[in-house]
Amino acid sequence: LTGVLDDCLCDIESIDDFNTFKIFPKIQKLQERDYFRYYKVNLKRPCPFWADDGHCSIKDCHVEPCPESKIPVGIKAGSSNKYSKAANNSKELEDCEQANKLGAVNSTLSNQSKEAFIDWARYDDSQDHFCELDDERSPDAQYVDLLLNPERYTGYKGPSAWRVWNSIYEENCFKPRSVYRPLNPLAPSRGGDDGESFYTWLEGLCLEKRVFYKLISGLHASINLHLCANYLLEETWGKPRWGPNVKEFTRRFDPIETKGEGPRRLKNLYFLYLIELRALSKVAPYFERSVVDLYTGNGHEDAESKALLLDIFRDTKSFHMHFDEKSMFAGDKKGAKSLKEEFRLHFKNISRIMDCVGCDKCRLWGKLQTQGLGTALKILFSEKEIQSLPEHSPSKGFQLTRQEIVALVNAFGRLSTSIRELQNFKILLQQTR
């Protein structure tokens, strides 16, 4: 897997080096910090598109919610929009300690705070979201420690998993009417043609629709890589052994086994990495402001987390071969606006499909990575709003909830890990030959 990626002036080798030596070690450290390891998610939302298939019964599908006592007090206090100590006074913290449910909404807010939250809520209800966001105030929304619930192979497959991916590819990716063959790589009726010829249909699509397909394919490839790299190899005397499964990796990505499609899927992973990398470089001014603290209640740790995040932003800005998002939606204004809205709604629909995943662990990581990508898209199409942010006050023009920040960083961390794991599989394949 080498050479230049389609639709951007970047080669795979440059991404490999940049990720291995600059990004991967730092993003791993950042994900371990309290602000980024606790993600609030509702895993009980019903599937909005079809009757529930019943949840995965395998024990590895289970997600262990985090006990209230473990959540840093600054994270569970009040609103998801709070970043700074100033927004969390001690009275609120005392009330929060007595609250029965995580993230209980506090009634002791000042009028000024209430007005700010109303402004933020109005903005969050606006048309800029690419994702269906969980209601964090729902009693079913719980904090999950991502470090204790790692993404790995759970054995979740069959009709339920097939239906989810089929709905994503066939009903939401843009597909020309002339293409009868399913886009879904899991579909049994792919026919006998080689995978390479299948991709000629992509060339007939406009850039935006090509990009959409590549983002979904890249996300699918990344998830598959995580499952191959963290596979249940054996379970003796109740002690599971997890590790890379070369046979599974070959089945999903080998050019011969996939009729030429495997390398394409992996190239789409690199393309998705570039998109999210670009978003991180664009959102840096939002976090560089003093009003943003990444507040957990531990001042020393919060300062270290912010310093590490800003260090990663400096690295993202130093990368010389970014994807140029200005090439998207650049046609006549009316057509471009209509296409952007169609693009947004298709992606929003995919985020809703994540509530149909039957395995809780798969649902957790599917929701997080979809929300991370949705946040990246929101950033890429909000450049003017980010550039005009006020330095010392909450922004009304562009706002990220803590949920979106956690999803953005962890989703990019997953892509960084995928590309790192790909290097490991290359070495393992050479050793087995």
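A Cβ is built for glycine as well, from the same backbone N, Cα and C atoms used for every other residue.
Lifted from TrEMBL, the feature list:
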type	residues	note
ACT_SITE	CYS359	active site, nucleophile
ACT_SITE	CYS362	active site
BINDING	ARG152, THR154, TRP165, SER217, HIS220, ARG252	FAD binding site
DISULFID	CYS56-CYS61	disulfide bond
DISULFID	CYS359-CYS362	disulfide bond
Integer Cα-Cα distance in angstrom, ARG152 (FAD binding site) to the residue listed as 'active site': 8
Residue pair CYS362 (active site), CYS61 (disulfide bond) - Cα distance, angstrom, rounded: 7
Fewest other C-beta atoms within 10 angstroms, as judged across ARG152, HIS220, ARG252, which are the binding-site residues: ARG152
Cβ neighbour count (within 10 Å, all chains shown) around CYS362 (active site): 25
Recorded FAD binding residues, ARG152, THR154, TRP165, SER217, HIS220, ARG252 - maximal Cα separation rounded to whole Å: 21
Inter-residue C-alpha distance, THR154 (FAD binding site) and CYS61 (disulfide bond) (nearest angstrom): 6
Recorded positions compared (CYS61, CYS359) - the one with the fewest other Cβ atoms within 10 Å: CYS61
CB within-chain contacts under 8 A for SER217 (FAD binding site), separation at least 6: ARG264, ARG265, ASN268
Residue among recorded positions TRP165, HIS220, CYS359 with Cα closest to the Cα of CYS61 (disulfide bond): CYS359
Integer Å distance between the CA atoms belonging to TRP165 (FAD binding site) and CYS359 (active site, nucleophile): 14
Cβ atoms near TRP165 (FAD binding site) (within 10 Å, other residues, all chains): 19
Protein Cβ atoms within 10 Å of THR154 (FAD binding site), excluding its own: 20
